Amino acid sequence: MQTKGINWKVPTGRRDGKVSLQSDAAKLPGFTDSIESQKQQFARFGLNTQDLVTLVGGHTIGTAACLVFNYRLNNFTNGGPDPTINPSFLPQLRSLCPQNGNNFRRVDLDTGSANKFDTSFFTNLKNGRGVLESDQKLWTDASTRTFVQQFLGEKGVRKLNFGKEFAKSMVKMSNIGVKTGSNSEIRRVCSAIN
């Protein structure tokens, strides 16, 4: 699928780990985590707040299962929806993920521009159309909102180029935990086993 995204130089000559553990996924921020928690998790790997906002911006492409956000649609607070969801967006989400519906149905994280690498994900956050709670918090938390505004090129803030910053953050992230020695290998053949 073509997303009209950006390209960046990937550091080469890396060694791959010999084991992949599901428990490693627990090191990633969760969909209900506070911004402070997300920032702490990123900081443990040498990534800053701008990297957090930038890399979460990768949600401009991708989906989530209803089960990871449908709690926001009903009974979030006092029997009502999450107040950070734009009321005009709520019916759309509820129709995609009705109560007692298919919890495994996939929903675009960037409504309206799901197959394009662009800044519309950030526009959605500004407009209360973030699907994941953790994503929407990028707008509602003052410490991350400025970066969202910069990617949107809003007046009064220094504009950041999302594509260029995403490439920088991806390279920075690729330098985390680089494998060396006998616990890793250089693969000659890469394949997936079904």
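From the backbone N, Cα and C atoms, a Cβ is placed for every residue, glycine too.
Small disclaimer: the values here were computed from a predicted structure and weren't measured.
Annotation source TrEMBL lists substrate binding site at PRO29. Long-range Cβ neighbours of PRO29 (substrate binding site) (same chain, at least 6 residues apart, Cβ-Cβ under 8 Å): SER37, GLN38, GLN41, PHE42, SER134.
Same-chain residues at least 6 positions away in sequence with a Cβ under 8 Å from that of HIS59 (heme b binding site) are, in sequence order, LEU109, ASP110, PHE121, LEU132, ASP135. Annotation comment: TrEMBL describes HIS59 as heme b binding site.
According to TrEMBL, the Ca(2+) binding site annotation covers THR60, ASP110, ASP118.
Under the heading disulfide bond, TrEMBL lists CYS66-CYS97. Around the Cβ of CYS66 (disulfide bond), a 10 Å sphere holds 20 further Cβ atoms from the protein chains shown.
According to TrEMBL, the domain 'Plant heme peroxidase family profile' annotation covers 1-194.
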Rounded Cα separation (Å) that holds between CYS66 (disulfide bond) and THR60 (Ca(2+) binding site): 17
Enumerate same-chain residues with a sequence separation of six or more from THR60 (Ca(2+) binding site) and a Cβ-Cβ distance below 8 A; give 'none' if the list is empty. LEU109, ASP110, SER113, LYS116, PHE117, ASP118, THR119, SER120, PHE121
Name them in sequence order: residues not among THR60, ASP110, ASP118 whose Cβ is within 8 Å of the mean position of the Cβ atoms defining the Ca(2+) site. GLY57, HIS59, ILE61, SER113, ALA114, LYS116, PHE117, THR119, SER120, PHE121
Neighbourhood of CYS97 (disulfide bond), C-beta criterion under 8 angstroms, separation at least six: CYS66, PHE69, ASN70, LEU73, ASN103, ARG105, VAL107
